[in-house]
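TrEMBL lists ASP238 with the feature active site, proton acceptor. Annotation source TrEMBL lists substrate binding site at GLN71, HIS72. If you look up TrEMBL, you'll see 4-219 marked as domain 'Carbohydrate kinase FGGY N-terminal'. Sequence annotations record features per position, and here TrEMBL assigns domain 'Carbohydrate kinase FGGY C-terminal' to 254-435. Among the features that TrEMBL reports, site 'Important for activity' is placed at ASP8.
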Amino acid sequence: MTLVAGVDSSTQSCKVVVRDAQTGALVRQGRAKHPEGTEVHPHHWWDALQAAIADAGGLDDVEAISVGGQQHGMVVLDAEGEVIREALLWNDTRSAQAAVDLITELGDGDVVAGAQAWASAIGSVPVASLTVTKLRWLRDAEPENAARVAAVALPHDWLTWKLAGGMAEVGFDGLVTDRSDASGTGYWSPFTEDYRTDLLERALGSVPRLPRVLAANEAGPVAPAFALKPVLGPGAGDNAAAAIALGLLPGDVAVSLGTSGVVSAISSAPIADGTGLVTGFADATGSYLPLAVTLNASRVLDAACRMLGVDHPGLSQLALSAPAGADGLVHIPYLEGERTPNKPMSTGALHGMRLANTTPAHVARAAVEGMLCSLADGIDAMRAVGVPVERVFLIGGGAQSEAVRHIIPSVMGLDVLVPTPGEYVADGAARQAAWVLSGSDTPPAWSASSGAEVMTGEPTPFVREQYAAARELTVDRPA
Ligand SMILES: Nc1ncnc2c1ncn2[C@@H]1O[C@H](COP(=O)(O)OP(=O)(O)O)[C@@H](O)[C@H]1O
Ligand SMILES: O=C(CO)[C@@H](O)[C@H](O)COP(=O)(O)O
């Protein structure tokens with residue numbers, strides 16, 4: 001049996017799956033935790049990857065490996081290839097003002113024109129999540145660090161490079177990425193399939209080395225002297241890797257409930273949404289992957305568990321015992337600020353509180369519904385830019401919530417397919433690794449999306465209506 005491995009270096013943890021390259025059958029897997037926080041030194045990801053590989057029984061018998069990972073994180077390297085400072089993650093909002101500055105500058109003072117100009121240039125309107133805004137923040141807040149930047153990578157690029165032996169073995173020439181993750185930087189264009197170094201220079205003030213963008217099935221750097229045996233694949237951003245695992249086709253939409261809430265879809269043409277609600281990223285195969293991404297998904301459920309003093313099954317039991325709409329109790333889930341809509345300083349809120357609806361069951365129901373309503377808004381945003389929504393898949397850690405699985409069809413007004421719980425990002429990376437190994441033009445014919453449970457429910461549009469009426473009623477956190 002030929003074995004391949006896939007990695008998901010996600011916000012909260014690192015997961016490794018080992019699969020049969022021919023059939024896709026799961027052979028073994030492992031995982032390890034990442035530290036908390038929105039600023040993390042990349043060596044923690046490397047340590048977690050080693051631990052997850054060991055937990056998965058090692059790589060000695062594995063022929064190829066690809067790394068999928070959280071997108072956008074700013075990994076800055078000096079001329080010796082050393083990490084200059086902790087990486088700012090996708091959910092770090094300190095670069096919100098930098099995003100406003102970049103938009104205003106490109107529009108010559110006109111924010112609307114600037115937003116459209118960015119969307120036309122790179123497919124997305126900058127928000128604090130995108131790497132380009134983090135580099136502008138670095139230039140303004142830490143000029144001494146900005147001056148030392150010799151190369152910029154993303155989490156998955158950096159881990160791939162480390163697996164290849166890093167500076168000592170492959171140098172900066174061996175720094176590689178793929179088009180899905182490159183398209184989330186804010187300085188790579190899905191229209192020209194190339195870096196926009198002019199926009200990078202605008203942000204950082206210089207143009208450091210950038211990872212070479214590999215083709216979908218192209219092998220990464222090889223260091224003959226280095227001990228790593230497997231062939232390295234290009235890897236991918238996490239949502240693009242999940243799309244590979246699910247075998248998404250046009251009309252399919254994935255809703256991922258990880259730390260981020262993500263609505264993603266395959267599109268045959270690039271998207272340029274000047275409203276910024278949909279980001280026009282590329283996928284990892286040659287198509288496009290428009291996304292609507294929130295900062296608040298599974299951790300909203302974690303927070304509700306904490307507030308109510310229950311575990312996840314307990315939260316589900318409570319939520320399912322309350323009526324749809326929680327008798328008017330509305331939870332706005334912007335606990336970490338928000339990205340879609342772009343409200344980086346916002347806090348969450350509970351609206352419509354009355355004596356009759358302030359029970360643990362109502363609070364639990366409102367938390368689940370609020371999180372799902374924010375993602376239903378993402379589905380609307382997809383439709384508004386012409387992305388068809390025919391089949392919806394539910395994945396990510398939050399998909400393990402029974403309440404989420406039962407309530408989502410009613411909130412979205414759609415049937416929802418729930419594939420067997422699994423590590424879809426790591427699985428997609430493994431499928432890519434098998435593709436690279438095969439040398440074929442198309443990925444191997446294994447897909448993890450078979451065996452999905454179809455969840456149905458009576459639509460409850462009033463839940464979304466009461467959410468929409470309360471959505472703007474939030475206060476900002478103290479500066
Ligand atoms: N049974 C469950 N019900 C609801 N949420 C769960 C359950 N099990 C795990 N989770 C949540 O899944 C999240 C992690 O999901 P994951 O997709 O791995 O996140 P990320 O990709 O951001 O690291 C955690 O916030 C955790 O609380
Ligand atoms: O910012 C995005 C996509 O634009 C997020 O999807 C991150 O890629 C993090 O994903 P999780 O670790 O929450 O799954």
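Heads up, the Cβ atoms here are built off N, Cα and C, so glycines get one too.
Note: the CA-CA distance between GLN71 (substrate binding site) and ASP8 (site 'Important for activity') rounds to 11 Å. Checking the recorded positions ASP8, GLN71, ASP238 against ligand 2, the ones whose Cβ sits under 6 Å from it are GLN71, ASP238. The two recorded residues, ASP8 (site 'Important for activity') and HIS72 (substrate binding site), show a Cα separation of 14 Å. When the recorded positions ASP8, GLN71, HIS72, ASP238 are compared by the number of other CB atoms within 10 angstroms of each CB, HIS72 has the fewest. On the 0 to 100 pLDDT scale, the domain 'Carbohydrate kinase FGGY N-terminal' (4-219) averages 97 in this prediction. In this structure the alpha carbons, written CA, of ASP238 (active site, proton acceptor) and HIS72 (substrate binding site) are 10 Å apart.
DSSP assigns GLN71 (substrate binding site) to coil in the three-state reduction, outside any helix or strand.
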